[in-house]
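Inspection log for the structure reproduced underneath, given as structure tokens.
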Amino acid sequence: MSYLQSVPPHDLAAHLADHDGKSVLRFITCGSVDDGKSTLIGRLLVDAKLVFEDQLTNLGRVGSSGAVNGGEIDLALLLDGLEAEREQGITIDVAYRYFATSKRKFIVADTPGHEEYTRNMVTGASTADLAVILIDSRQGILQQTRRHSYIASLLGIRHVVLAVNKIDLVEFRQSVFDEIARDYKAFAKKLGFASIQPIPIAARFGDNVISASPNTPWYKGPALLEYLETVQLDPPATERPFRFPVQLVMRPNANFRGYAGQIASGSVSVGDPVVIAKSGQRSSVKAIVTFDGNLTTAAEGEAVTLVLADEVDASRGNMLVAPAARPFVADQFQAHVIWFDANPMLPGRSYILRTETDSVSATVTALKHQVNINSFAREAAKSLQMNEVGVCNISTQAPIVFDAYKESRATGNFVFVDRVTNATVGAGMIDFPLRRADNVHWQATDVNKGARSAMKSQRPAVLWFTGLSGSGKSTIANALDRLLHARGKHTYMLDGDNVRHGLNRDLGFTEADRVENIRRVAEVAKLMADAGLIVLVSFISPFRGERRMARELMEEGEFIEIFVDTPLEECARRDPKALYEKALAGKIANFTGVSSPYEAPESPELHLKTVEEDPVALALKIEAFLDRHREEK
């Protein structure tokens, strides 16, 4: 087995040409904590002579405080680059390494084993073709081994190397290796891997890493690197349907219009017909432009600019596709979701959903079940906690373009983003569109919002009163309702307690129920605004994310957030319904301000302080604001 050595300058062109012709294998190392993932990759790189001398010298200095066995270099330090990783002796972030042998190029992602960093493992696995799953010979299959195996399968990885590591610590016994391999294959039978290759390894000493070890004469299979060089991958994405997400419209002069991006799957040639996925507009490829000159054909992974034969309405976020094999365009679908955030995923809560081409508001309409990663059983659940996996129905505010994830990883995935923090809180793999998306259509009506509001001589608005229980929301809203009614305005007041007697009588006060409570009320308020009414919504609505969701349902300028700011002590002193007394005594659970948080508005349209003015004066302030608001319109 030969490896790349230093190349003389005069042979550089030939070397690069040879290098470009090699296939690329992307793989990850994963498994439980301290199974030796980073050490294995470090050993592979060192023994294959793919690490420079100065790197090894530097590792000796960096690792001196944590060196083992009288100064032996800790090979894991080749991958663990963060200071916290070196201090704790664990992997936290995903570490990528690029290397090549005479047969193949490799991109390896060393992923963390701690459950806390599952999100980083998902990141590494999302583009991998193969997973090297490590198991400590002394420990056997652990929960995190199962978790990583399931996630690898879920993310479309088809090939697995089962690296049974630290085989030296069980005296290289074949019986231990055979038992672990047998148990893992039985466990993984339902995961659908195309191949599983068990290999006994002692990563610290290099046994079976790049060559066969004399310590395991009973093992007749390939060494790790030999297997990585020869494993047959799935068919290339060029055989899949053509998908081209438009990233930029190139318009350097009046005579040129091109659509720039990277081909997500498939291939395209000059003259091929294409269609814009959402609009259905058709054209054909006139030219394929690159920095190095025009091409006749381009394939998956290439960054190109496509010039079309016709003038079409395409912009950033559109997708050019093959007319004979179009993706789905729908606003409802089923997906597997892996949750990353410490705050649980709640059905009814609004998130930002981002795909290759779209960024839209989305809601989990149903959590069908949670997946038990040990047994793969489907278990009922009302929410997903951090690192849990569930199957969900998802609804988006506008149709998006997608493929089933099993057909196209690039166009079948998405992430959930928190509306308040902008943190990525979950990742999803789309299974299929829901048929209801095709069967439910908007019914056009002749009388619209403009006609209804004109008849009432008023501008529709949603006045959203938020604040603690006892802050005075309903009192102020009621006073304002009287003022507006006296002026002949058409209003309606939605009060939290009143709505719970009917529409929301089935909801409690858990975080999930509060989210659904606000979602329903926001939709009702939207319908009332569409009827031309001024809607007064008086709800605690403790979460910023739900209030933002309500705002985005309305037209621009229609939603007016009113923060009724009363100190908790004052609310408890008033306690008109004796709720604080019960909450403080532990008789009411999940009570806002006592045992459940309240997220105050950061930039409300109106900020009212009830300890400074009486309800009527505050209602007059809101009335004056509405008058100015109408004039500005």
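Just so it is clear, glycine is given a Cβ too, placed from its N, Cα and C backbone atoms.
As annotated by Swiss-Prot, region 'Sulfate adenylyltransferase' applies to 1-458. According to Swiss-Prot, the feature domain 'tr-type G' maps to 22-236. Residues annotated as region 'G1' in Swiss-Prot: 31-38. Residues annotated as GTP binding site in Swiss-Prot: 31-38, 110-114, 165-168. Per Swiss-Prot, the feature region 'G2' maps to 89-93; the stated evidence is similarity to another entry. According to Swiss-Prot, the feature region 'G3' maps to 110-113. If you look up Swiss-Prot, you'll see 165-168 marked as region 'G4'. Annotated region 'Adenylyl-sulfate kinase' per Swiss-Prot: 459-633, in sequence order. Marked as ATP binding site by Swiss-Prot: Gly467, Leu468, Ser469, Gly470, Ser471, Gly472, Lys473, Ser474. The active site, phosphoserine intermediate annotation in Swiss-Prot covers Ser541 and is backed by similarity to another entry.
Feature map: annotations from Swiss-Prot on the structure.
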residue : record                                  : CB count, 10 Å
Gly31   : GTP binding site                        : 29
Lys37   : GTP binding site                        : 29
Thr111  : GTP binding site                        : 28
His114  : GTP binding site                        : 16
Ser469  : ATP binding site                        : 25
Ser471  : ATP binding site                        : 25
Gly472  : ATP binding site                        : 25
Lys473  : ATP binding site                        : 28
Ser474  : ATP binding site                        : 22
Ser541  : active site, phosphoserine intermediate : 26
Reduced DSSP assignment, His114 (GTP binding site):
coil
For the binding-site residues Ile167, Leu468, the one whose C-beta sees the most other C-beta atoms within 10 angstroms:
Ile167
My understanding is the cutoff is Cβ-Cβ under 8 Å with a sequence separation of 6 or more in the same chain; which residues meet that for Gly467 (ATP binding site)?
Lys473, Ile540, Phe563, Val564, Asp565, Thr566
Work out how many Å separate Asp34 (GTP binding site) and Ser474 (ATP binding site) at their Cα atoms, rounded off.
57
Across the region 'G4' (165-168), what does the pLDDT come to on average, as a whole number?
94
Roughly how many angstrom lie between the C-alpha atoms of Ser471 (ATP binding site) and Ser541 (active site, phosphoserine intermediate)?
13
So around the ATP site, Gly467, Leu468, Ser469, Gly470, Ser471, Gly472, Lys473, Ser474 aside, which residues have their CB within 8 A of the centroid of those CB atoms?
Ile540, Val564, Thr566, Cys571
Fewest other Cβ atoms within 10 Å: which of the binding-site residues Asp34, Gly470 wins that one? Let me know.
Asp34
Going by DSSP, how much of the region 'G4' (165-168) is helix, how much is strand and how much is coil, in residues?
2 helix, 1 strand, 1 coil
Compute the C-alpha separation of His114 (GTP binding site) from Ser474 (ATP binding site), stating it in Å without decimals.
48
Can you tell me which of the recorded positions Leu468, Ser469, Gly472, Ser474, Ser541 is spatially closest to Thr111 (GTP binding site)? Compare CA atoms only.
Ser541
